[in-house]
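So TrEMBL has the following annotated:
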BINDING   Y10, E69, E78, R79, H80, K87, D88  ATP binding site
TRANSMEM  26-44  transmembrane segment
TRANSMEM  50-68  transmembrane segment
BINDING   E62  substrate binding site
ACT_SITE  E62  active site, proton acceptor
BINDING   E69  divalent metal cation binding site
TRANSMEM  89-113  transmembrane segment
Amino acid sequence: MKTFLQSVQYALQGLRAAFDGRNFRIQLGLASLVLAAGFYFSITRLEWCVLLFNMALVLSLEIVNSSLENLVDLVTRERHPLAGKVKDLAAGAVIVASGLAIVMGVIVFWPYIAAGLR
Ligand SMILES: Nc1ncnc2c1ncn2[C@@H]1O[C@H](COP(=O)(O)OP(=O)(O)OP(=O)(O)O)[C@@H](O)[C@H]1O
């Protein structure tokens, strides 16, 4: 019987596979910059929660996006409008979450940056 620990092991395998994705690595790099900025400005606990939630949302959706890309490629290597649509919809979800993360990032960091400019 498959144990919970085995399931966790498979999930970590999936996480390792996500690192092969260029976009995932770029998003991870950007998230690291945001983390560094958070430490630099000593943001509040609530602000950390907002930023970490957004990072998790973007990275998770990128993993789902990659997963769907792989699934589509497994189902068909031929050009098909529906295959393209599935990939575009998944990529659209990443764009929505990334846009939200950028807006939230500006809302969190702008007061610190503005104070520094004064
Ligand atoms: N089988 C297909 N049929 C029709 N259109 C496709 C198909 N595969 C990909 N496309 C179109 O090409 C776009 C790019 O597809 P691709 O698989 O290269 O994804 P990508 O976003 O470039 O992935 P990556 O994250 O690896 O850079 C898709 O978003 C879709 O519009």
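Backbone N, Cα and C atoms are what each Cβ position is placed from, and that goes for glycine too.
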Please report how many Å separate the Cα atom of E62 (substrate binding site) from that of Y10 (ATP binding site), as a whole number.
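So the alpha carbons of E62 (substrate binding site) and Y10 (ATP binding site) sit roughly 18 Å from each other.
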Output: those binding-site residues from Y10, E62, R79, H80, D88 whose CB lies less than 6 Å from an atom of ligand 1, in sequence order; none if no residue fits.
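So the answer is R79, H80, D88.
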Mind checking which residues reach the transmembrane segment (26-44)? Cβ under 8 Å, same chain, six or more beyond either end.
51, 55, 58-59, 62, 98, 105, 108-109, 112
If you count, for each of the binding-site residues E78, D88, the other Cβ atoms lying within 10 Å of its Cβ, which residue has the minimum?
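Each of the binding-site residues E78, D88 was scored by Cβ atoms within 10 Å; lowest is E78.
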Under 8 Å between C-beta atoms and at least six apart in sequence, can you list the same-chain neighbours of H80 (ATP binding site), or say none if there are none?
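Spatial neighbours, sequence-distant, of H80 (ATP binding site): none.
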Secondary structure at H80 (ATP binding site) (DSSP, helix/strand/coil)?
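Assignment for H80 (ATP binding site) reads coil.
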